[in-house]
Structure formats: C-alpha cells, structure tokens
Amino acid sequence: MSAATPTRRPGDEASGVPGAVADVAASAADEARGRSRGGGRRGGAPRTRYELPRGLHAAVQTGFFVVIGLVVLVPLVAIFAGTFQDGNQIIRRGLALDIDPSSLSLDNYVMLFTDSGLYFRWFVNSVVLTAVQVVLTLLVSSFVAYGFAMYEFRGKNFWFFTVLLLMTVPFEIMMLPLFVLVNDVGLADSYAVVVFPFLAASVTIFFFRQYFLGIPKELLEAGRVDGVTEFGIFFRIVLPIAKPAMAAMAILNGMVIWNNFLWPLLVLRSAEKFTLPIGLNTLLTPYGNNYELLIIGSFFSLLPVLVLFLLFQRFFVAGMTAGALKG
C-alpha cells in the first residue's frame, strides 16, 4: 500500500510556493486538524475524564456525611445514655450504647435537681461570665479592628504586626507572669480577672479587620457628610453590616470561654465562684468519685453551646466565609 499523498491546494505553484514546501505545509495542517478532532492525542482517541455516575456520586457524598455525623453523635448519645445509669454500671461497663433498658432510671435527674450541691451555682456563674465576656470581647476587638481597617496613623503596621505575633504565642507562656501580676494587684479570686485580660483577642481582631476592609469607605464618608459622629458611624453603620461576622465570632469565642478551664482554675479560689468546668472537676477526688452527677452535669453543660450555635447558625457560615475572603 502506498503512503497517502498530501493534498496540494490549487494555486500553490502559481503563487510561487515550491511544491515540496506546499506538500509539507499541507501535511502539517492535515495533522493539526486530525489532532484537534481527536482531542489532542495520537490516533484520534478523545481525551476523557472519568466521572462517577450522578447517583453513585450522591451516594458517596451522603455516606461521607453520615460517617462524620456518627463520629460526632455517637459520643453524645453515649453520654446521654449514661445519665440514666448508676455509678456502678458506669464503672463496670463505661459509657456504652448496648445497655439494659431495665436498668435505666431517672435517679440521676432527681439528684441533679434536688441534691446537686453547688452545681447550679457553677452553671449560672459560667453562663453569666460567658455572656459578659463574649459581649465585651466582640465590642473591644471590633473597635480595635475598625481602627486598623479604616484609619491611618503612625505605627499602624507595627501594632498590627504585634497583633499577628500574639496569635502565635501560646497562652501558657503568658500565664505565669499574668498570674504574678494578678496577685500583686490583689485581683485574685474575682470575676474581673477572669474576663478583662482577654477582651482584646488577637484572633478576633484579625478576623474583624479583614471583614471591615471589605466595607466601602464611601458609606462612612456619606455618614460624615450627614453629620454622623465617628462613634455613630461605627455603631450605626459598621456594626449592622458586620452582623454575620459578629455571630461567627460570638459562637467561636463563646465555646472557648465556656470551656475555659486552666485560667479560672488558677485565679478562682472560692467554691461558690467556680465555673462549671472547675466545679465538675471537683467531683473527681482521691476519696471517691460522684460519677452520676459528673455524667449528667457534663451532659447539661453541652446545652448552652448547642443553643448558642442554633441561635446564630444562619449567620455563622456567611460570617466565616466573608471574614476569610475579604481584605
């Protein structure tokens, strides 16, 4: 079989193009057209990308989220089941899901509401401290971030770099000098020392600063033209726009503050002032452990965080996404 002869276009010779050059050019053009029709691969085979069928893709995605949900929910269900068991069962079997229904009782709930000692005092302490600290932290941190985002002043970059640097410093490094300072000024065993050292949270400042950079400065200028003061611009224009960011930071800070254990343990000395994590820890002693109250108390300690998330969940994703992308 003879090789295929490249097609010679009419007029090649007349235009002064040598026949060999025209043949080579025509052959190259034919090969290029063949590659384009064949998906860029030799032999004309189209380039394909394997994709799962739509039904299988949905099944895999659903299965993945089911597994993640089970990882999160199974421990919670085990704790809830443990609230209906006595201490001997918990010691013997642990927090297991395969429990005997006939052994379940409401005695732990009766004890919680009638003979739990200082439990509800600790619960109220944690609720009040968390609410106050979240509100003050959001207010102070957003105000500082507003200055970094909207104003120019000497040393601005240096101070913002300092904020970023503090994000990398573990609290354990600052804990000892802060504790010595608290004792020297006589603020130990007070709620103020639990709240005030952490009002200007570096992570929260950075998050708000990134969010505020996305707010058009024309809005602020329009407010100034209308005679609104700088504080009025912040409270009446900026903060309403930043509701998603405020909700996201309220949830994150609320969870951290609610579960804070080490710092309150160092500075609070009166049992009546303990927060819930410290109070629950006192139920574990060398002389005996009140597992019934510990389990049911731990379960009820999860409820405020769950309620906080349910209240602000519709703002949470929007706030986290906007704060991560803006700036």
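Here the Cβ of each residue, glycine as well, is placed from N, Cα and C on the backbone.
Record features, source TrEMBL:
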type	residues	note
DOMAIN	123-312	domain 'ABC transmembrane type-1'
REGION	27-47	region 'Disordered'
TRANSMEM	64-84	transmembrane segment
TRANSMEM	122-146	transmembrane segment
TRANSMEM	158-179	transmembrane segment
TRANSMEM	191-212	transmembrane segment
TRANSMEM	233-258	transmembrane segment
TRANSMEM	293-312	transmembrane segment
Tertiary contacts of the transmembrane segment (64-84) (same chain, 6+ residues out, Cβ under 8 Å): 90, 95-97, 99, 104-106, 108-109, 295-296, 298-299, 302
Intrachain neighbours beyond the transmembrane segment (158-179), with Cβ under 8 angstroms and 6 or more residues off its ends: 148, 197, 202-203, 205-206, 209, 262-263, 266-267
